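Annotation source Swiss-Prot lists region 'Disordered' at 1-31. Marked as N-palmitoyl glycine by Swiss-Prot: Gly2. Per Swiss-Prot, S-palmitoyl cysteine is recorded for Cys3. Residues annotated as compositional bias 'Basic and acidic residues' in Swiss-Prot: 17-31. Feature annotation from Swiss-Prot assigns region 'G1 motif' to 45-58; the stated evidence is sequence analysis. Annotation comment: Swiss-Prot describes 50-57, 186-192, 211-215, 280-283, Ala357 as GTP binding site. Residues annotated as Mg(2+) binding site in Swiss-Prot, with similarity to another entry given as evidence: Ser57, Thr192. Residues or ranges marked as region 'G2 motif' by Swiss-Prot on the basis of sequence analysis: 184-192. Per Swiss-Prot, region 'G3 motif' is recorded for 207-216. Sequence annotations record features per position, and here Swiss-Prot assigns region 'G4 motif' to 276-283 based on sequence analysis. The region 'G5 motif' annotation in Swiss-Prot covers 355-360.
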Amino acid sequence: MGCFGSPTSKQSDVNSEDSKSQKRRSDAISRQLQKDKQLYRATHRLLLLGAGESGKSTIVKQMRILHVDGFSDSEKKQKIDDIKKNIRDAILTITGAMSTLNPPVALEKKENEPRVEYIQDYASSPDFNYPPEFYEHTEELWKDKGVLQTYERSNEYQLIDCAKYFLDRVSTIKNPNYTPNEQDILRCRVLTSGIFETRFQVDKVNFHMFDVGGQRDERRKWIQCFNDVTAIIFVTACSSYNMVLREDPTQNRLRESLDLFKSIWNNRWLRTISIILFLNKQDLLAEKIKAGKSKLSEYFSEFNKYQTPIDTGDAIMESNDDPEVIRAKYFIRDEFLRISTASGDGKHYCYPHFTCAVDTENIKRVFNDCRDIIQRMHLRQYELL
């Protein structure tokens, strides 16, 4: 008779193979977890914080332009509706404010009154489809001195920053073959609600940037992003010194930003996380200071006695900069630094930079300057420095 293995022996072989297979799977999972852990630890996580309309989302767009593949033609075309909405919101807001300002503003040309009626009566409809006459009325109104005077008083009501930019470009945007350029994409205003993550790589270093809505009712979501953050990039609109919040017309926007920065700086969960401070919208700040219509001292009396520091720190003073503009931007910088130096615990630091988020070269230079700072923060985070 032939020899046959016993049932017990066969079962033992099967169990042995199962055990080996399970071990191989376990080892593979362990290796993958180790790789994931290494990748996680090698990734710089940047949290963009700041009050609403400070320019955070524009910074994210710049990262896409500089470090990803920018925006495809199809993505650009998808922004056309948002850009048209920016034009509609701008002309609706400006013409609507003419009668509510104190003192009110009258149209220069009486024949433009039907145009205003059209804008207010029809363009305000949610299903408005932007017929050719809308652009014609908008272009003619934008030439009216009364409308322009109302625009110049935009700190007295709520108007998007990109209003002038897009109203100046109506003749281009109304073209059926129009495709937005990068500057159009950068300036297009869309309210950020929720948390948006952008991933990119610079010199083989991985970055994850989280953009969170800055309006008051969005800030409760911030706590979800605080875990394992390498650094916070706090963005403030320096040009907002003469403006009030959309959600609270009694609160100055720049003071709100200072209060928000203080609450983040002193947050007990963030006491070891340094902040890179983007003092944004320097172009708009310079325009306002040079125009002289809204003096910084009228909103911040401390500015009257402020002297520009001899040591200008990390910013480059251009030879053609207006001395009053220089004094204004350093005053705002020092208001934030006064908060960051008050604690003096040495556990985290504030690194200020003057920025113009719609200027790609400026953001490229500033972010390159920040990379070494971010790397040091990352090494310190994992106790490698």
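Each Cβ is built from the backbone N, Cα and C atoms, and glycine gets one as well.
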Residues sitting near the region 'G5 motif' (355-360): Cβ under 8 Å, six or more positions beyond its termini, same chain?
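For the region 'G5 motif' (355-360), the nonlocal Cβ contacts are 55, 58-59, 62, 65-66, 182-183, 186-187, 235, 278-283, 366.
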List the helix, strand and coil residue totals of the region 'G2 motif' (184-192) as derived from DSSP.
4 helix, 0 strand, 5 coil
Should anything in the same chain at least six residues away from the region 'G1 motif' (45-58) have a Cβ under 8 Å from its Cβ atoms, list it; otherwise answer none.
160-161, 186-187, 189-190, 192, 196, 207-216, 218, 222, 225-226, 228-237, 240, 245-247, 253, 256-257, 260, 264, 278, 280-281, 355, 357-358, 374
From the Cα of Thr192 (Mg(2+) binding site) across to the Cα of Ser54 (GTP binding site), what is the distance in angstrom?
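If we compare the Cα positions of Ser54 (GTP binding site) and Thr192 (Mg(2+) binding site), the gap is 11 Å.
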Return the residue, from the listed binding-site residues Leu186, Val190, Val212, Ala357, with the maximum count of other C-beta atoms within 10 angstroms of its C-beta.
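The residue with the densest Cβ neighbourhood is Ala357.
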Treating G and I as helix alongside H, and B as strand alongside E, what does DSSP give for the region 'G5 motif' (355-360) in helix, strand and coil?
1 helix, 0 strand, 5 coil
Select the most exposed residue of Ser54, Ser57, Thr192, Asn280, where exposure means the fewest other Cβ atoms within 10 Å, treating these as the binding-site residues.
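Taking Ser54, Ser57, Thr192, Asn280 as the binding-site residues, the minimal 10 Å Cβ count falls on Thr192.
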Can you give the mean pLDDT for the region 'G4 motif' (276-283), rounded to a whole number?
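Mean per-residue confidence for the region 'G4 motif' (276-283): 98 out of 100.
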Would you kindly give the Cα-Cα distance separating Thr192 (Mg(2+) binding site) and Val212 (GTP binding site), rounded to the nearest Å?
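Distance (Cα to Cα, whole Å): 7 Å.
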Report the nearest neighbour of Thr192 (Mg(2+) binding site) in space among the binding-site residues Gly50, Leu186, Asn280, Ala357, comparing Cα positions.
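Result for Thr192 (Mg(2+) binding site): the nearest of the binding-site residues is Gly50.
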Roughly how many angstrom lie between the C-alpha atoms of Leu186 (GTP binding site) and Ser57 (Mg(2+) binding site)?
9
I'm trying to understand the geometry here, so how far is the Cα atom of Ala357 (GTP binding site) from the Cα atom of Ser57 (Mg(2+) binding site), in Å to the nearest whole number?
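So the Cα of Ser57 (Mg(2+) binding site) lies 9 Å away from that of Ala357 (GTP binding site).
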Going by DSSP, how much of the region 'G1 motif' (45-58) is helix, how much is strand and how much is coil, in residues?
3 helix, 5 strand, 6 coil
